[in-house]
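> Quick paste of what Swiss-Prot says about this protein:
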ACT_SITE  R202  active site
ACT_SITE  E231  active site
ACT_SITE  H248  active site, proton donor
BINDING   S45, T66, Y252  substrate binding site
BINDING   D142, T169, D226, G251  NAD(+) binding site
Amino acid sequence: MKIVADENIPLVNEFFGHLGEITRLPGRSMTAEDVRAADVLIVRSVTPVNAALLEGSRVRFVGTCTIGVDHLDQAWLEQQGIAWSSAPGCNANSVVEYVYAALCHLDIHWLHGRFGIIGCGNVGGLLYRRLKAQGVDVRCYDPNLTLAQNPDLTSLEDVLACDFISMHTPLVTTGSYPSFHLVGERELAQLRPGAILINAGRGAVVDNQALLDCLRVRHDVRVVLDVWEPEPDISLELLNEVAIGSPHIAGYSYDGKLNGTAMIYQACCKHIGVAPQADLSELVPPLDDNLLDTAGLTQPWPLAKHLIKQVYDIAADDARLREQAQLACAGNSEFGAGFDHLRKHYPRRREFHNYQVRLSAQAEAARHWLTVLGFRCV
C-alpha cells in the first residue's frame, strides 16, 4: 500500500510505517501527479482535497489531521466512494491554551468582565467549560446548539457586547448557518469600548478588510489573530494593526499534533481492516524538566499568568511573524513562504498538563484555578 502524507505531520513513519510505503510532501503544493498512485492520503488544512487533486487516482482513504474539514470536498469524496476521516478535538486543548496565553500577554484578567464565545464545538466548548469552572461570566453564540446543551447560549449581538470575545467557528459557506464573514462591518461596529477580539478558528469568518478598516479608527479595540484571510499571503497592513499576530499555530502544540496523527492512524487502520500496532502513549517523549518556578507567587491570577508565560511565550510567535513581514517589506523574502516556514519549523510547544507546580501552603487558593488550566499541582 502506498501512503502520501504532508511532511509536517509528526510521527507519520512511526504510526503508518507498518501499513505501507510512505512518501512525505509539502502539503500546500501537493499535486494530482503526487497522489496518483497513492492508496491513502494524509493531509492538513493547507491541502484542498477535491476532484482536481484526486480524480483518476487510486486513493480510497483520506485522513486530515485537523479539526476543520472545510478543505475537503466532502460531497465529491462521498460521491466517489472515497472514505475520509478528520480528527475532531485533537488540538482543542492547544487552541484553548493559546487563548489563555494571549490574555496573559495582554494582561487581561478574564474574571474582570464578561466573556463571549462564538462557536461552542470542540474548541469553544472546552474553553467555555474551563472559564465556567473558574467562575467567569460567559455568553455563547452557536446556532447549532440548544439551551439544553448550553444554558449560556444567547444572540450574536449579545456576545459581541462582551468585554472579551473568542471565535472558534468552522468555515461554513452553505446551509442555514453560514459562517463566512460572520463578523463584518456591522458586527465590528457593535464592539464595546476596550473590547478584546480573538480569532483562532478560521480566517474568513471575520471580514479581514472590514477588520482593518475598524482598527484604523478604533484604537481602543485590541485584536488577536491566529487565522487570516487569505493565508499564507496575509494582509501586512492588518498585521500592523493587531495586538498579537501568529501564523495559524494556535493548535500547533506538539501534543495536539500527535493526537491528530494518532486519530487518523486509528481511522485508517479501521478502514483497511488492520489491527493498530502503534500506541501514542509509547511514542510521546516525556519532558526532562517539567517542574515550574512559582517565583513565590500565591494568588490565583498572578500565579497563573506567571506559569502560562513560562510554558508558552506567545510574544515570541508574534515577534517571529512580524520579523517575516519586515523581511518581506525589505524585499529580502516572500512573505507567504515565510508564513509557511514558521509553521513548518514551529518550536515544540507542550501543553500545560505536562508540567508540575509545587504549591506552598500560602498558594493553596490557586490550586483549583491551576488544575482547571491543566497544570499538575503537587
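Quick reminder: no glycine exception, Cβ is built from N, Cα and C everywhere.
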> For E231 (active site), find which of the recorded positions S45, T66, D142, T169, H248, Y252 come within 10 Å, Cα to Cα.
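Passing the 10 Å Cα cut: H248.
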> When the Cα-Cα distance from Y252 (substrate binding site) is computed for each of the recorded positions D142, T169, R202, D226, which gives the smallest value?
D226
> Neighbour count, 10 Å Cβ-Cβ cut-off, for T169 (NAD(+) binding site): what number do you get?
26
> Consider the recorded positions T66, R202, H248 and say which one has the Cα lying nearest the Cα of T169 (NAD(+) binding site).
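Closest recorded candidate to T169 (NAD(+) binding site) by Cα: R202.
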> Could you state the CA-to-CA distance between G251 (NAD(+) binding site) and T66 (substrate binding site) to the nearest Å?
9
> Could you state, as a whole number of Å, the largest distance between Cα atoms of any two of D142, T169, D226, G251, the listed NAD(+) binders?
21
> Only counting partners 6 or more residues apart, tell me which same-chain residues put their Cβ under 8 Å from the Cβ of D226 (NAD(+) binding site).
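Set apart from D226 (NAD(+) binding site) by at least 6 residues yet with Cβ under 8 Å, we have Y98, N199, A200, G245, S246, P247, H248, I249, A250.
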> Between the recorded positions D142, E231, whose Cβ has more other Cβ atoms within 10 Å than any of the rest?
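Answer by Cβ density within 10 Å: D142.
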> Please find which two of S45, T66, Y252 have the most distant C-alpha atoms, given that the record lists them as binding substrate, and give only that distance in angstrom, rounded to a whole number.
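The substrate-binding residues span at most 12 Å between Cα atoms.
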